């Protein structure tokens with residue numbers, strides 16, 4: 001485990017999809033001081049990007065009060081979307097540079113509300129590159145998919 005500053009929440013999030021669209025899952029690993037919490041869930045029909053957004057939303061929603069948070073994701077869509085593209089999309093009336101509607105707008109709006117509660121630093125790591133906490137978040141996301149598939153098989 002990497003050295004972590006005290007009184008900062010470290011949030012590692014990941015989304016996964018089997019088929020795109022298809023059954024998907026999200027996973028979150030939270031660390032605060034000596035405490036650790038794992039969250040996951042799944043959806044029967046979704047996309048990988050929707051699950052990436054949902055992971056960040058659910059992780060931030062789980063924090064009971066405003067915090068300093070370091071969010072680590074392997075999704076450039078999530079990191080660049082929240083740090084670079086969101087203000088531009090809003091200025092353009094939720095349109096991309098091609099004048100098309102922004103995909104997943106309701107999720108982006110929900111994420112923005114959650115982000116406003118906290119002081120956040122966003123980090124990107126390459127997926128499946130051996131980053132221990134990101135691998136745990138990935139395992140949790142896949143557990144979310146497995147649970148959806150198990151429910152569907154009943």
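The backbone N, Cα and C atoms fix where each Cβ goes, glycine too.
Annotated in Swiss-Prot:
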BINDING   14, 52, 74  Mg(2+) 1 binding site
BINDING   14, 138  Mg(2+) 2 binding site
DOMAIN    5-146  domain 'RNase H type-1'
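Those residues of the chain, other than 14, 52, 74, with a C-beta within 8 angstroms of the mean position of the Mg(2+) 1 site C-beta atoms are 13, 15, 16, 51, 55, 73, 75, 78, 127, 134, 137, 138, 141. With helix defined as DSSP H, G or I and strand as E or B, the domain 'RNase H type-1' (5-146) counts 57 helix, 46 strand, 39 coil. Per-residue pLDDT, averaged across the domain 'RNase H type-1' (5-146), gives 96. In this structure, 138 is the one among the binding-site residues 14, 52, 138 with the smallest number of other Cβ atoms inside 10 Å of its Cβ.
Residues near residue 74 (Mg(2+) 1 binding site) in space but far in sequence (CB under 8 A, at least 6 apart, same chain), listed by position: 14, 124, 125, 126, 127, 128, 131, 134, 138.
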